Every structure is written in structure tokens, then in C-alpha cells.
Amino acid sequence: HTIFQRVYVDGVGEGHLSGIRIPESNWPIMDLSSNAIICNGGVNPYHEPVSLAIIQVPAGSTITAEWHPTIDDVNTTESIRPDHKGPVIAYLAKVPDALQTDVAGLSWFKFYEDGLSDDGTWATDRLIANAGKVNFTIPSCIQPGAYLLRHEIIAVHKAETYPGAQFYLRTLLTIFVFEVETAATPQMECAQLNITGPGSVVPSPTATFPGAYGSTDPGITVDIERLINYTVPGMPAEG
């Protein structure tokens with residue numbers, strides 16, 4: 001159970017809930033075919049008022065995303081339960097308007113992923129050790145303009161069958177985990193960015209949500225108690 005609720009740009013905080021489309025509930029998304037897998041919302045209605053802030057981000061800068069169980073800004077050291085193991089992922093999609101509400105059909109490219117390390121620790125373990133914060137670098141070469149940042153945690157501790165993986169995601173402008181868990185559960189939100197800089201690259205490959213993940217993907221349906229290697233879902237990350 002966790003929610004992406006604060007962004008820092010090169011160490012400078014943008015304010016609590018600012019620039020992020022935050023759901024009221026930290027319940028995860030379970031259905032890979034649902035449009036809620038894009039930026040949350042829908043089954044998890046957004047916290048009102050939805051932020052109209054657009055976060056100014058120079059290309060090449062370091063983004064820090066901060067996750068906590070509730071949006072009341074009280075549990076600032078807790079992030080996600082230690083038994084919720086899984087990868088942490090970040091995507092960007094170029095958009096005409098960072099405040100647009102229609103997110104269907106966008107072309108997303110993955111620029112960050114962290115999964116299972118050789119020492120047996122997960123991205124979520126590192127998130128917990130860093131008090132709910134994860135850092136990633138915005139590619140320095142990409143075209144300037146309006147973007148949505150899709151930030152996601154996929155809990156795969158009970159993902160032996162589908163639906164089981166728990167998807168926690170947010171778009172910059174989380175989801176609660178059901179206690180009877182039998183599949184991967186993603187949590188995601190989307191943040192609203194304006195990226196500046198002289199870049200001209202249109203990254204590829206891209207993917208659309210729903211569709212980027214399949215129920216039989218090895219990173220979605222997986223028994224982590226019998227793992228040798230773990231494949232992070234989706235396309236390779238392009239920095």
C-alpha cells in the first residue's frame with residue numbers, strides 16, 4: 001500500500017501532492033486490460049482538486065520520487081511493506097498538453113527500471129532503505145516540451161497466478177493492496193512535466209497502456225520464492 005506523492009528536481013522539492021495526479025486510495029491496479037493501468041484514476045478516483053501544477057524539469061536533471069502509505073504527509077519514513085517485493089519503473093510520454101485528461105493511446109518509453117539485484121535485494125528494498133525515495137535521471141537528449149511521467153511499483157510477492165501482481169503507479173499533474181493477494185499488483189501515478197533543453201531525440205521503442213504488459217509475461221506472473229533471475233516487465237529501459 002503506497003502512493004507517489006512528492007517530486008524533487010535536482011534535490012529541490014515541488015511540494016506535497018504538487019504536479020501529480022493522486023488517487024484517494026492506495027489500492028493497487030490488478031487488471032492489465034484496464035485504462036486505469038495508465039495513470040490510475042477510474043476505479044481509484046483522483047484526490048480533489050487534481051493538481052494543475054506543471055513541474056519544470058531541465059533535461060538531464062535528477063528526479064526524486066517519494067512514496068508513502070497515505071497522502072496525509074504524516075508517515076514520512078514509511079514507504080511500502082517490506083514483504084511487498086518488486087521492481088520500480090519510470091516511463092515518459094510526450095503530450096500536447098501536460099494537463100490533458102485523456103491519456104489513452106499515448107506512446108510511452110521506459111527510461112528507468114530497477115528490479116532484482118545479484119545480492120537478492122529488490123528495488124522495493126532499496127526504496128524502503130531510502131525512506132520512500134527513488135532517484136532517476138531525465139534523458140538529456142530528448143525533445144523539449146510537455147510530458148507525462150508514469151512512475152510505477154509492481155509488487156510480485158504473490159504473483160504466482162494472474163491477476164496477482166500489484167501495480168502502484170502515478171502520473172505527475174497510488175493504490176491500496178487487497179489483503180488476499182494471488183498475483184502481481186501494480187501501483188502507478190502520472191506527473192505533469194515541462195522538459196526544457198536543446199535535445200531533439202524522439203526515444204524509441206515505445207509502447208501503449210494497456211498492452212505493454214501481458215498476463216503471462218515472466219515479470220508479471222512469477223514465483224519469487226523460486227527465482228534465479230527476474231525480468232522487469234516491458235521494453236528495455238533507454239537512458
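Placed from the backbone N, Cα and C atoms, the Cβ positions cover glycine too.
Here the structure is a predicted model, which means the values were calculated and not measured.
These come from Swiss-Prot:
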| type | residues | note |
| --- | --- | --- |
| BINDING | H1, H84, Y168 | Cu(2+) binding site |
| BINDING | H157, Q166 | O2 binding site |
| DISULFID | C39-C190 | disulfide bond |
| CARBOHYD | N75 | N-linked glycosylation site |
| CARBOHYD | N135 | N-linked glycosylation site |
| CARBOHYD | N194 | N-linked glycosylation site |
| CARBOHYD | N229 | N-linked glycosylation site |
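Secondary structure at C39 (disulfide bond), taken from DSSP and collapsed to helix, strand or coil, is helix.
Geometry remark: N229 (N-linked glycosylation site) versus H1 (Cu(2+) binding site), CA distance 25 Å. A sphere of 10 angstroms centred on the C-beta of H84 (Cu(2+) binding site) encloses 27 other C-beta atoms. Taking the Cα atom of each, H1 (Cu(2+) binding site) and N194 (N-linked glycosylation site) are about 29 angstrom apart. Cα distances from C190 (disulfide bond) to the recorded positions N75, N135, H157 are smallest for N135. Of all the glycosylation sites listed here (N135, N194, N229), the one with the fewest other CB atoms within 10 A of its own CB is N229. Using CA atoms as reference points, the recorded positions C39, N75, H84, N135, N194 were checked against H157 (O2 binding site), and the closest is H84. Distance from the CA of N194 (N-linked glycosylation site) to the CA of N135 (N-linked glycosylation site) is 18 Å. Candidate recorded positions: N75, H84, N194. Nearest to C39 (disulfide bond) by Cα distance: N194. The Cβ of N75 (N-linked glycosylation site) lies under 8 Å from the Cβ of H68, P69, each of which sits 6+ residues away along the same chain. A 10 Å cutoff on Cβ-Cβ distances gives H157 (O2 binding site) a total of 23 other Cβ atoms nearby, all chains included.
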